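For reference, TrEMBL has these:
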ACT_SITE  S26  active site
ACT_SITE  H52  active site
ACT_SITE  D148  active site
DOMAIN    14-206  domain 'CheB-type methylesterase'
Amino acid sequence: MNPSPVVQTSCRPVVNGAKIIFVGASTGGTEAVKNFLQGIPADCPPILVVQHMPETFTGPFAARLNSLSKPRVVESHGGEVLETGTVYIAPGHSHLRVRRQGGGYMTELLSTPPVNRHRPSVDVLFDSAAEVVGRNAIGVILTGMGKDGACGLLRMRQAGARTFGQDEASCVVYGMPREAALIGAVEDVASVSELPKRVMALVGRPGETPQRVVLK
């Protein structure tokens, strides 16, 4: 029997004050990001993702995720107005940031030097989330080697964002989430299959009041 097609809903620009989700991953992240997005509904807030990956692979990675996910998934080319129901994957040659644009938000790509030996860097994305989105941001750090994203996630938390880390049991490499937890950047830890539920409980659905959850 053929699998049911993924149905993606229409998208709309988000305004200042709306929730935005930021995700960072490295080693083992291709499957972790896929599993995370498969638990996210089509009408989700904008999601920006940095996955450490060479530039020749990020486009096909985004296309594969788009075929498997309810939200629309695209490789960012910079300058996109952030829309609900859309996931923006950082290209392998540039840092990805969020910036304000009028009453909403847009993506920005930077060709500045690598940070933590990576371009794109999770810290660059998370730093922009802390600076621009503040308490309306949600940060998620997934499996990966090293410490990229740990300090940025801490800055997000200090700015009022809610922050999550993948648990050791479901990580391929418990490096980045561990470093983030050690410095107090992570509020709550869960398996990659449970994280979408925790994140969406903070967001709610259109027309609903977000659920109040107690983070560990």
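Quick reminder: no glycine exception, Cβ is built from N, Cα and C everywhere.
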Within the chain of H52 (active site), which residues six or more apart in sequence place their C-beta under 8 angstroms from its C-beta?
A25, S26, T27, G29, H118, P120, V122, G144, D148
I need the least crowded one of these active-site residues (S26, D148), counting other C-beta atoms within 10 angstroms of each C-beta.
S26
